[in-house]
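Novice: Here it is: the structure, laid out below.
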Amino acid sequence: MESKIVSKAKRLHFVLIPLMAQGHLIPMVDISKILARQGNIVTIVTTPQNASRFAKTVDRARLESGLEINVVKFPIPYKEFGLPKDCETLDTLPSKDLLRRFYDAVDKLQEPMERFLEQQDIPPSCIISDKCLFWTSRTAKRFKIPRIVFHGMCCFSLLSSHNIHLHSPHLSVSSAVEPFPIPGMPHRIEIARAQLPGAFEKLANMDDVREKMRESESEAFGVIVNSFQELEPGYAEAYAEAINKKVWFVGPVSLCNDRMADLFDRGSNGNIAISETECLQFLDSMRPRSVLYVSLGSLCRLIPNQLIELGLGLEESGKPFIWVIKTEEKHMIELDEWLKRENFEERVRGRGIVIKGWSPQAMILSHGSTGGFLTHCGWNSTIEAICFGVPMITWPLFAEQFLNEKLIVEVLNIGVRVGVEIPVRWGDEERLGVLVKKPSVVKAIKLLMDQDCQRVDENDDDNEFVRRRRRIQELAVMAKKAVEEKGSSSINVSILIQDVLEQLSLV
């Protein structure tokens, strides 16, 4: 997005408070850069471990671009709440039974944060915080400033969840797998109760927390969305009308990273599993749009037998691939033993790379050799694929990912399903076992990747492969235009700043 210099008299001080999870941190750091490029001061409030994940990119933004982004770190009182030592992120939480304790511990950040804000020469103007951090609503009231909610979801999924919660159609079906239409949607969308986000699942010790989240969101000034209006026509307007609040589309926020170093480091936890050189050498050696990138997200906890089916499918497909493996430590040990015993990496050498841990996802997706993305349908991954024109194989796991799959496959027509029908929620991995077999993996890969750019008649309108790739390339162009000067998202950022200024003038 274009930088703008605003007068010091009108400089705003945005306080960004992301949830302590990788998928929530990454877009909030991008938003901090977008706001700072408009001449504003930005303070990111987080914990020491989480701050280390984006230290490099924020340091570059300060030193090389002169952006005024400050990072304030407060430790979580993990001992007080019976959490494991240094447990500062949802990624490292060993059990969902500790989820309530984690939220209670995070709640304790309110007091030291408010003391810090009281001491600032330039007082806070606006809080942008994750929907889960309901206590930030109290802070906003205390400082008499607006609070804006960040969900990390697209408007399609936000509207779907809102309308299901409002009308409760999921309660009228006879079974958890019976599909029902979601009311109030621009397209006819059907989903099963089992596929709904976890917020619709009963969790006795979290129900009051969820209610506080909903209540604090109802008091918010508005909602900021990492998407762009051209991607979700009809859904943007319908969602704003449904919640009767301001909604600002400021994405795709990942496009604020225009340096290769930022693309490589984006979201890194410091445990680099592959070097930039090794990754680029592999991609540079492949034909355009021939490589399948495979990553099921930072919270993937699939069992070894399921991951083995995925690996065997990748091998049998015959396509070049980069396979990122993330799972629980005990599962990783077992899977690593299988990889060594079966000599898997040697069998696919020259055609496939296995990355055990963090990978430079944005850099890989942006490379011209990447032609497909097997994804869990998390929104960050989905919109990054759209930005770089990479069609998807959808393998949703939990949260709103089945809704995102509907958008990808049924509305936008830029992906194919691997065929998973039920979620793998935290703690259910062993009970559910293997849900996707090798043949389904191979079939989905062939549907997405079999015809590459050198063997397709681009004038064949009846070819689904051509239509899918043409459509996502069109969306990639729209995404880049949205964040350019006078683009829809760039304009939305300016409107957001003006709206906050006007809100402050009313106090």
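For all residues, glycine too, the Cβ spot is worked out from N, Cα and C.
As annotated by Swiss-Prot, UDP-alpha-D-glucose binding site applies to SER298, 359-361, 376-384, 398-401, with the evidence given as similarity to another entry.
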Novice: Just jot down the residues in the same chain as GLU400 (UDP-alpha-D-glucose binding site), at least 6 apart in sequence, with C-beta under 8 A of its C-beta; none if empty.
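Specialist: Residues satisfying the criterion: MET153, SER157, SER160, SER161, PRO197, TRP379.
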Novice: Counting only residues 6+ apart in the same chain, whose Cβ is under 8 Å from the Cβ of GLY378 (UDP-alpha-D-glucose binding site)?
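Specialist: Sequence-distant Cβ neighbours: GLY23, GLY297, ALA399, GLN401, ASN404.
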Novice: Just to be sure I understand the packing, how many Cβ atoms besides its own are within 10 Å of the Cβ of SER381 (UDP-alpha-D-glucose binding site)?
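Specialist: Neighbour count, Cβ to Cβ under the 10 Å cut-off: 24.
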